[in-house]
Amino acid sequence: MSRVSQARNLGKYFLLIDNMLVVLGFFVVFPLISIRFVDQMGWAAVMVGIALGLRQFIQQGLGIFGGAIADRFGAKPMIVTGMLMRAAGFATMGIAHEPWLLWFSCFLSGLGGTLFDPPRSALVVKLIRPEQRDRFFSLLMMQDSAGAVIGALLGSWLLQYDFRLVCATGAILFILCALFNAWLLPAWKLSTVRTPVREGMRRVMSDKRFVTYVLTLAGYYMLAVQVMLMLPIMVNDIAGSPAAVKWMYAIEACLSLTLLYPIARWSEKRFRLEHRLMAGLLVMSLSMLPIGMVGNLQQLFTLICAFYIGSVIAEPARETLSASLADARARGSYMGFSRLGLAIGGAIGYIGGGWLFDMGKALAQPELPWMMLGIIGFITFLALGWQFSHKRTPRRMLEPGA
C-alpha cells in the first residue's frame, strides 16, 4: 500500500472518531436549549430563536473567512482553537439567566464553529476520493444520527438534575476533541496551493454557479433547522414531558442507520445528484404542512418520520454536490462559503420560526408556522429546478455513478 493510500485510510478513521466527538458534544446541549429556556424558564420562543439563529449565522455566515484562513495556515490550528472556543460558549450557557448571556454564549459557540467547521469539511474533500464521497457522507450522516440520539439521551438525563451539568458535559467533550486533534491531526495543507486569504475568497465569489446554488439552499435549511427548535417544542407540548424529545432523535437514528447507506448506494447509480436533492426536499416540505394540525404523538411522529426520510434522501446528495463543485485550489474557502445558505436559512428559520410559533399560539392558529415552512420548501424546490435546468452543472459531477 502506498503512503498516500495509507494516509487516506488512516484519515477516514480519524474523521469518523473526530465527527463522533463533535456530534456528541453538540447534541448533548443544543436540542435541550429550547426546552430549558422556553418550557422550564418561560421565555418567549423568539428569544431562544434569536440565540439559535445567532449561533447559526455566525458559524455558517462567517465560514468563508474561517475556510480562507485555513487555506492559508492549515487546518490544525483553526480546528483546535475553534473547539476550545465552543467549549467556552457551552460553559457560559450553563450560567445564562438573562437573554443577553444566552445570546453571548451562542455567539462564542458559533464563532468556534466558524473556525473548525470549514477546515473539517475540507479535510473530507481532501482525504476521500470523489467516487467514494457519496458513501462516506452517508456514513457520516449515520454517525450523526446515532450520536444525536446518544447525546440527546445523555442531555435529557442530565437535565433532570441541572442544566449546568448538560453544558459542562458538552464543554468537556469539545475539550477532548480539541486535544484529540492537537495530538493526532497532521499539519496538512487543505488546498493544492497555499492560497492567500483574499485570493481564496475572490475565487469563490467569482464562481456564480456555486454562489447561486449555495444561496438557493437557504430555503432548504429553513426547514432542516426546525429539528432544533420547533419540533422539540411541539413534541414536548403534546407529550407533556421533555423526555419524549429523545424518541424524536431515536426515530432519526433508526431511519438513518437502516436506510441512509442503502438508499445512497442504490440511488447513486440511477439518479443524478440534483434529482435526489429535489426529491428529498419535496418529501420534507409535504411532511411539514400538516404538523400544526396533529393532536397526538403517533400522528406527530409519523410526520417526523416522513421528514427524516426526506432528509435521508437529500442530505448525502447535497453534501456530495457541494464538494464536487469546490475548486481544489481553494477547498477551505469553498467549503466555508457553502455554509452561507445554512447561515441565512438557519437564522431566518430559527428567528422567523420562533416568531411564527409564538404568533400561531397568540392567534390560536398552531398550524401557521408549519404551513409557512411547507410553502417555503415548495418555493425552494421550484427555484432549484429552475437553476438546474438553466445553469447546468457539468455532467461529470452530477451524473449517476460519478
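Backbone N, Cα and C define each Cβ position, glycine as well.
What Swiss-Prot says about this one:
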TOPO_DOM  1-12  topological domain 'Cytoplasmic'
TRANSMEM  13-33  transmembrane segment
TOPO_DOM  34-98  topological domain 'Periplasmic'
TRANSMEM  99-116  transmembrane segment
TOPO_DOM  117-138  topological domain 'Cytoplasmic'
TRANSMEM  139-159  transmembrane segment
TOPO_DOM  160-164  topological domain 'Periplasmic'
TRANSMEM  165-185  transmembrane segment
TOPO_DOM  186-213  topological domain 'Cytoplasmic'
TRANSMEM  214-234  transmembrane segment
TOPO_DOM  235-243  topological domain 'Periplasmic'
TRANSMEM  244-264  transmembrane segment
TOPO_DOM  265-276  topological domain 'Cytoplasmic'
TRANSMEM  277-297  transmembrane segment
TRANSMEM  300-320  transmembrane segment
TOPO_DOM  321-339  topological domain 'Cytoplasmic'
TRANSMEM  340-360  transmembrane segment
TOPO_DOM  361-367  topological domain 'Periplasmic'
TRANSMEM  368-388  transmembrane segment
TOPO_DOM  389-402  topological domain 'Cytoplasmic'
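The list of residues near the transmembrane segment (300-320) in space but at least 6 beyond its ends in sequence, with Cβ under 8 angstroms from a Cβ of it, reads 133-134, 137-138, 141, 217, 220, 223-224, 231, 234-235, 238, 247-248, 251-252, 255-256, 259-260, 263-264, 267, 273-274, 276-277, 279-288, 290-291, 294. Among the recorded stretches 139-159, 165-185, 214-234, 277-297, 340-360, the one sharing the largest number of Cβ pairs closer than 8 Å with the transmembrane segment (244-264) is 139-159. DSSP assignment over the topological domain 'Periplasmic' (235-243) gives 7 helix, 0 strand, 2 coil. Across the topological domain 'Cytoplasmic' (1-12), the model assigns an average pLDDT of 64.
Distant neighbours of the topological domain 'Periplasmic' (361-367): 290-293; these residues of the same chain sit at least 6 beyond its ends, with a Cβ under 8 Å from one of its Cβ atoms. Contact between the transmembrane segment (340-360) and the transmembrane segment (214-234) holds: at least three of their C-beta pairs are under 8 Å, each pair 6 or more apart in sequence.
Contact counts against the transmembrane segment (214-234), taken as Cβ pairs under 8 Å, peak for 368-388 among the stretches 13-33, 139-159, 165-185, 277-297, 368-388.
For the transmembrane segment (139-159), the partner stretch with the most Cβ pairs below 8 Å, chosen from 13-33, 165-185, 368-388, is 13-33.
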